[in-house]
Amino acid sequence: MNVASLLVELVLMPLVAFVVGLAMVLMMRRIAARLQRRVGPPFFQPLFDIVKLYGKHTQTSHGLVHDLGIVMAVGGYIAAETMLPVPGMTGIADKGGLVVLAYVMMVPSLGLALGVGQCANPNGSIGISRALTAMLAYDVPFIIVIFGVAFHFGSSNLITIAAAQQAAGIAGWGVSQMPLLALAGLFALHGMLGKQPFEIYVAPAEIATGPMVEMSGKHMGGLFVMQCFQLYTAAVLYVTLFLGGGENWLSFLAKSFAVLAVPVSLAYLFPRYRTEDLVRLMWKWPTMIGLLGLAFLMH
Amino acid sequence: MTPLDTLYLASAATLAAMLVLGDWRRAGVLATLMYGVQLALLFTMQRTGSTSFDLSALGFELSWRFDALSWFFAVVTLGTAFFASWYGAGEWLRAYTGRRRLFQSALAANVFAMLLLLGSGDLLTLFVGWEATSWAGFLLMALAGGLARDAALRYLVYAMAGAMALLGALVVLFQAGGSFSYEAARATLAAMAPGPLWALIILFGLGFGAKLALLPLHLWQAAAYSETPAPGSVFLGGVVGRMGLFALALVLVGLIGIPHLQALAVPFTFLTAQDVVAWVAALTVVLPTYTALKQNDARYLLAWHGIGQGGYMLLGLIVGSALGSAGGLLHVINYAATQATLLMVVFGVRHRVGHTDLNRLGGLVARMPLSFLALLLGIISLAGLPPMSGFVSKWMVYSSLIQDGRPFLFLAAIVGTLGTILSVYKLIHNLFLGQLRAEHEQLNEAPLSMLIPMLATATLAFVTGVAPGLVLGWVADAQAAIGLPVIDYTLGGIASPRASLDMLWVVGVMFAGFGVGALLFYGAGGKTHRVHQLDNYAGGHFLDAGMRYHYSDNFYAGLMHLIGGWYRGSFHWLEGAIGSGLSLVAQGAGGWYRAINPAFYLLAASVALIAWVAL
């Protein structure tokens with residue numbers, strides 16, 4: 001690939017991710033509304049929210065680290081998008097791979113944690129303590145899944161993983177070959193998104209007692225942008241690992257939205273877990289399912 | 001005179017200069033320059049070479065030589081000594097109230113002893129170097145007195161026990177092969193029966209593992225390293241424990257060999273010697289990391305992480321593949337730069353504030369922004385996140401575990417990393433983020449003499465993260481020196497169809513992402529205005545400067561509620577039980593010798609003998 005077309009891909013991939021991510025936020029809110037017998041927001045509402053937050057007259061900052069935290073949160077995901085192959089574009093997916101992507105995805109969390117910490121609000125810090133604890137919880141099944149997939153396909157290169165599934169057809173997809181790992185992955189994905197019943201670390205219903213307590217204006221707007229990227233990244237990664245990746249945009253988007261619809265639909269049916277219960281749950285069921293899947297895979 | 005002679009001469013001259021001039025107010029600057037000269041000599045010499053002199057004692061020849069493995073560890077040793085000495089050469093030394101000559105001499109003695117160890121030309125020289133390193137380390141640890149002396153004495157017990165184990169191993173090996181040379185040892189070990197070979201592995205493991213603080217020989221290290229004066233702690237924390245890894249690499253990999261370890265089965269199990277060492281390493285990664293998580297003193301927190309990071313090095317090394325062993329060895333240099341940075345920042349805070357209690361600090365980013373920057377780079381590297389060098393070496397270890405099909409070791413390695421992320425966030429949060437205390441509002445940034453070395457080592461950790469190929473050549477040569485498969489590398493990392501990494505692109509894209517993120521944040525929307533830290537949501541309560549509005553104690557309360565009960569102090573119990581057992585045996589021996597209750601001890605000894613014969 002020549003440098004010019006690579007640079008075009010590096011620009012296009014995050015842009016596409018943002019636009020698709022906006023649509024995913026819309027879908028998530030519409031599903032919540034339907035389950036709660038509401039109409040839900042109009043089509044452009046996710047975009048309007050971001051524009052409104054950026055355009056607010058009062059923009060308070062608690063210092064440079066508060067600002068840079070948001071920059072890291074958004075910038076980390078922009079970088080991550082270039083490592084996720086999509087139909088027709090591979091970006092720098094061959095220069096990193098699955099493990100690199102998993103670690104680049106932690107950079108936004110670190111940025112958010114730094115930004116919240118600088119705000120000097122103990123409620124925010126408690127929220128970060130919960131968020132990092134949750135990360136320790138859902139990442140255990142997630143890394144079992146990463147190991148299983150990389151071992152099964154003999155590579156941690158996402159292009160190779162997607163190509164192997166596409167060549168073998170649906171019977172060769174990760175979900176057909178490794179159903180237990182796919183199930184564990186779905187659990188981990190749900191925890192990673194911070195949706196109910198695992199949303200205590202985001203505390204969206206009581207922002208005064210969570211990491212968002214000092215976030216407003218552009219800071220909150222930046223986090224809205226981050227959420228678009230986050231939903232997109234999680235869904236596309238799952239599709240790449242288990243559902244054959246993207247042969248064409250139509251099937252790729254359909255699969256990505258369908259994957260996301262599962263945790264989002266389940267989210268509004270359950271009450272929430274306390275932090276230590278979340279850890280206990282994640283270390284028990286999805287981890288056991290994942291390990292069982294790994295045992296089948298390796299023998 | 002050979003280049004190695006010159007290096008040893010320069011190191012001995014540094015020690016002599018410090019013994020004579022150690023009290024001089026510019027002694028720190030002189031020592032730093034002399035370490036710089038040693039480093040320059042090292043870089044100008046060939047990576048293999050020997051001294052022109054041999055010593056003879058009791059009919060045995062003692063000889064010294066360098067190979068690429070020695071050279072690699074010597075670079076880390078002298079580099080850490082250079083920056084640690086620089087850190088302590090200016091304002092720190094002026095404020096130091098202890099015995100300066102003793103301190104400077106102890107540091108120089110450590111460097112000299114470690115170079116002697118690294119240049120060991122045979123097993124006997126290795127033992128001499130090992131002892132010299134242990135005693136020099138003890139001197140450095142003990143010189144502050146008080147808590148430091150107690151911790152150093154505890155270290156000494158482990159070091160002495162380790163030395164005895166090592167001596168036992170050498171005696172067994174000499175009996176079997178009739179020589180202390182590496183070549184003879186390699187041939188003897190290749191032909192050795194499983195029983196004696198297991199005994200040797202255990203003895204060498206106990207001897208060298210105590211220095212590396214492998215589980216369960218790790219209890220001494222955190223206190224001993226933390227209570228040492230700042231530059232000494234930086235040196236100890238950065239590199240001294242790695243001498244254990246050097247010796248294990250030399251013996252387990254260089255003399256016994258990975259294929260032999262893979263073939264050596266643990267009786268009645270499906271495990272091999274390689275699995276056992278790998279699992280000791282993996283447990284050394286996980287357990288100390290979660291002990292670090294609950295520390296309330298920044299120095300102890302880092303020292304506990306130091307133990308865990310040693311586990312990654314051994315884990316990578318013992319996997320034995322080109323990728324894994326390169327990752328393990330690369331982590332030695334990456335970790336040294338990282339840990340030196342972190343300790344320098346923490347001791348910089350101690351220099352200004354007077355303590356490192358994580359429950360009595362906070363908000364220092366406003367007063368010490370450059371120290372914050374250095375610590376931020378350091379924690380990213382320690383946690384193993386891109387773009388820092390710690391990520392590259394850990395990535396190599398993870399990838400090798402995937403390729404080798406070792407899911408549980410992979411899980412342990414990443415669980416260790418996740419625990420590190422939690423722990424280092426607590427470190428940076430409790431030190432630099434959150435509320436700045438009223439009594440710290442007039443603090444100054446760390447002095448320039450301390451700031452420059454910490455920023456320099458942080459920069460090194462960053463540069464070798466972006467372009468790991470700069471140091472992977474040294475690692476590849478070290479691999480070849482001990483018969484490991486050699487890594488195929490590029491400037492940006494590794495190019496392999498199974499797992500490739502090009503940090504030049506990854507970091508480039510990350511910074512481009514941050515650039516776009518900054519453009520979005522600063523270029524779009526209204527202008528932000530800075531508010532005071534007390535202009536904060538407090539549920540309607542009025543905040544004033546005297547009110548503590550900072551979350552620090554029991555930072556991970558939810559997690560600790562779940563896993564806190566797992567810290568039952570089992571290793572402390574084990575250490576106590578061994579101590580009590582030895583005390584009982586000593587009491588028995590003393591009683592027998594002084595004829596107190598001889599009949600009872602005779603009876604006990606007879607019963608033990610009969611039981612042993614019968615079983």
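Backbone N, Cα and C define each Cβ position, glycine as well.
The annotation transmembrane segment is assigned in TrEMBL to A:6-28 (among others). If one looks beyond the transmembrane segment (A:6-28) by at least 6 residues along the same chain, the residues whose Cβ comes under 8 Å of a Cβ in the stretch are 41, 43, 45-47, 77-78, 81-82, 84, 86, 89-92, 224-225, 227-233, 235-236, 253, 256-257, 260-261, 264.
TrEMBL lists A:100-120 (among others) with the feature transmembrane segment.
TrEMBL lists A:132-155 (among others) with the feature transmembrane segment.
Under the heading transmembrane segment, TrEMBL lists A:167-189 (among others).
Annotation comment: TrEMBL describes A:222-243 (among others) as transmembrane segment. Same-chain residues lying 6+ beyond the ends of the transmembrane segment (A:222-243) with a Cβ under 8 Å from its Cβ atoms: 14, 17-18, 20-22, 24-25, 28, 46, 49-50, 53, 70-71, 73-74, 77-78, 80-81, 84-86, 98, 101, 105, 108, 112, 145, 149, 158, 161-162, 165, 173-175, 178, 181-182, 185-186, 189, 192-193, 212, 215, 252, 255-257, 259-260.
The feature transmembrane segment is assigned by TrEMBL to A:249-269 (among others). Listed as Cβ neighbours of the transmembrane segment (A:249-269) (distance under 8 Å, sequence separation of 6 or more from its ends, same chain) are residues 20, 23-24, 27-28, 31-32, 35-36, 86-88, 186, 189-190, 193, 195-197, 199, 231-232, 234-236, 238-239, 243.
What TrEMBL records for A:281-298 (among others) is transmembrane segment.
Counting Cβ pairs under 8 Å to the transmembrane segment (A:281-298), the stretch among A:100-120, A:132-155, A:167-189 with the most such contacts is A:167-189. Outside the transmembrane segment (A:132-155) by six or more residues, the chain places 97-99, 102, 106, 109, 113, 161, 164, 174, 177-178, 181, 184-185, 187-188, 190-192, 194, 198, 200-201, 241-242, 275, 278-279, 281-283, 286-287, 289-291, 293-294, 297-298 with a CB less than 8 A from a CB of the stretch.
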